[in-house]
Amino acid sequence: MKIGVIAIQGAVSEHIDALRRALTERGVEAEVVAIKQKGVVPECGGIVIPGGESTTLCRMLAREGIAEEIKDAVTREVPILGTCAGLIVLAKEGDEQVEKTSQELLGIMDTKVNRNAFGRQRDSFEAEFEVEILDSPFTGVFIRAPRIVSCGPEVRVLSRLDDLIIAAEQENVLALAFHPELTEDLRIHQYFLDKVFDC
Ligand code: GLN
């Protein structure tokens, strides 16, 4: 089994690290690989799209032919985890900021997203919040974080902060506005691995 982390930019090594630690914790073997080019996604049983800069991410994914491979993986129900810019990349629709840069969103989740939703004063912060899939609060790191403005009936909202949607899932696709890979808490990566190993 391979689990791939899209390695175009952003917190790639942190996600690889968190996944490896989460795998060790549950005593399961899988190879965690960095995906830089076409041809690897089809071999993966789980894919992570990390944070970074969503315009660049979208452009590169399309240019390298990885975008099509990810869309195809979704049709095979391969679990996907998108964090921060990854949440934007997964969305169907963006706000004017996204439209202005004509980002080619993957359109995998029935969501409308807003880039940099928490304002300049709150460029980067940590906050504690409840997540529906966890039995106690999670502390998340937010870095120029987006939010989900609205979502379709297939999307399950998992968490809100100040009433803004910061986590949601649609079948095997999980999107987070924050960075779970930047804290020691592996519960969200474990939840993702539950989906990968289907337990
Ligand atoms: N604000 C960034 C964007 O819109 C995302 C920030 C992040 O991934 N930390 O692309």
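Cβ coordinates are placed from backbone N, Cα and C, and glycine is handled just like the others.
Around the Cβ of C84 (active site, nucleophile), the same chain contributes G10, P50, G51, G52, I143, R144, A145, P146, L176, A177, F178, H179, each under 8 angstroms and 6 or more positions distant in sequence. DSSP assigns C84 (active site, nucleophile) to coil in the three-state reduction, placing it in neither a helix nor a strand. Annotated active site, nucleophile per TrEMBL: C84, in sequence order.
Feature annotation from TrEMBL assigns active site, charge relay system to H179 (among others). There are 24 other Cβ atoms within 10 Å of the Cβ belonging to H179 (active site, charge relay system).
Residues annotated as active site, charge relay system in TrEMBL: E181 (among others). In the three-state DSSP scheme, E181 (active site, charge relay system) is classed as helix. Neighbour density for E181 (active site, charge relay system): within 10 A of its CB lie 27 other CB atoms from the protein chains shown.
Per TrEMBL, the feature L-glutamine binding site maps to G52, E53, S54, R115, I143, R144. DSSP classifies R115 (L-glutamine binding site) as coil under the three-state reduction.
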- Message: I'm trying to understand the geometry here, so how far is the Cα atom of E53 (L-glutamine binding site) from the Cα atom of E181 (active site, charge relay system), in Å to the nearest whole number?
- Response: 16
- Query: Can you tell me how far the Cα of R115 (L-glutamine binding site) sits from the Cα of E181 (active site, charge relay system), in Å?
  - Reply: 20
- Task: Starting from the Cβ centroid of G52, E53, S54, R115, I143, R144, which together make up the recorded L-glutamine site, report each further residue of the same chain whose Cβ lies within 8 Å of that point, ordered by sequence.
- Result: G10, G51, C84, A85, I88, N116, P146
- Query: Of S54, C84, I143, R144, H179, listed as recorded positions, which ones have a Cβ less than 6 Å away from ligand 1?
  - Reply: S54, C84, I143, R144
